[in-house]
């Protein structure tokens, strides 16, 4: 989609009005020149009439230009808002697996940088439209002065525009290359900021990151400069065309056509006047090209997000075959394999399975295993975030897939190791402060933060304290199934003990199902069953009570590392 196609689509109802207003502004602009020349050639009584018409033309120009600029700005901003909302809707409905493949960096760049380019160019585009109209009417005025001069102008400007448009593809390629480099630059910069603490412990790491950022920045600069150089050449070339036109009117035209001195003066004045709209077209062309590149990238992102959606359409209720709390989750020979680009770097991709497991309502199940054993991936498959590559995930015998996945996930409160705390209690807006306060006390956070107006007053806490806030949110959701991915890992010994010996039994008494990744072998007895994974497969399943006092599960020492 080009910016002209977008404007044509978004301005369907008011398109004629915009064209009329731009035409009025362009015609009035040309009349300003005509009445000024008329007054100069015929001073006296007619000058008063010319002055009145001159003022009227200026007023008409002001009205038409203001309407055109403002209406186009409204159209562009409304279109961008619709695109943003559409992208947000598609992101919200996308599957995690596909969203991870697209990457946060690309989405952020398209919504911020690309939309800023389009937003900032609305005025230039309005000027471009108005300049075309002015150029049309000014050309008609030139025809009235001298037909040969008109032919000369058409030849000079036509030659220029042919050369100008021939450079369009190369400029577009440079801009697209710059956009790609900008995305890489942003991702590398996020690496530096996200790993800032780690960088402070290694000057070599910081030096390597800086080198890559500088190299990417230089590549971005070079691509941007090449496009800028071409735009500058266009501008200079347009100036040279103007000089060529004026030179032809002054030196060539009088030698080959019968033109008096006063007409030559008027022609030169008209030529100088025409430079305004020509300059507007030339100046607006870079904005036009940038807009088209930005729109193309946004369109590509929208297509990617559309392919990542597998649930129901907006406004449609997902299918709920359970009509209540799920009593059992069954994993039957499920396998999951990451796409190749998320592989292990050895030409293959990480996979789990086949695995078979059944989890009953009210059960406390621990999943244990060493680093890379597949615990977190298994959790994402069990919770419906990743679709099984093979096998079947079902709840109460009903396959979890398609339109019912959203309903299935609504039965689960999950706190993953890379959890996120939202600024407000989205999904629970309107929660009574009196309901949250006891939970703050329970999580020993009453002196650290408070809950007011749907938000916690302070979120800048330690990782363990943030996890407790996440636990408060999960308890407020009060769903049948709880999933914890190494939740106790950042807690002090006292609170770790509280989690295993008090909180989990309390949830179980309420009939909640708990699936937790754990490395705390001293608390394995708190689970009904302990499932050990190794190399993406289930190594053993043992009763938690039988493991009290033991530090081994399934005959092998647990490595005690995160997955």
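A Cβ is built for glycine as well, from the same backbone N, Cα and C atoms used for every other residue.
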TrEMBL tags one of 18-40, 87-109 as transmembrane segment - which one?
18-40
Of the listed stretches (18-40, 46-64, 124-143, 235-255, 267-289), which one yields the highest count of Cβ-Cβ distances below 8 Å with the transmembrane segment (149-167)?
235-255
Taking the transmembrane segment (267-289) as reference, which of 46-64, 124-143, 235-255 has the most Cβ pairs under 8 angstroms?
124-143
Who are the chain neighbours of the transmembrane segment (46-64) in space, where the CB to CB distance is under 8 Å and they lie at least 6 residues beyond its ends?
21-29, 31-32, 35-36, 38-39, 130
The domain 'ABC transporter' (329-560) [mean pLDDT, rounded to integer]:
89
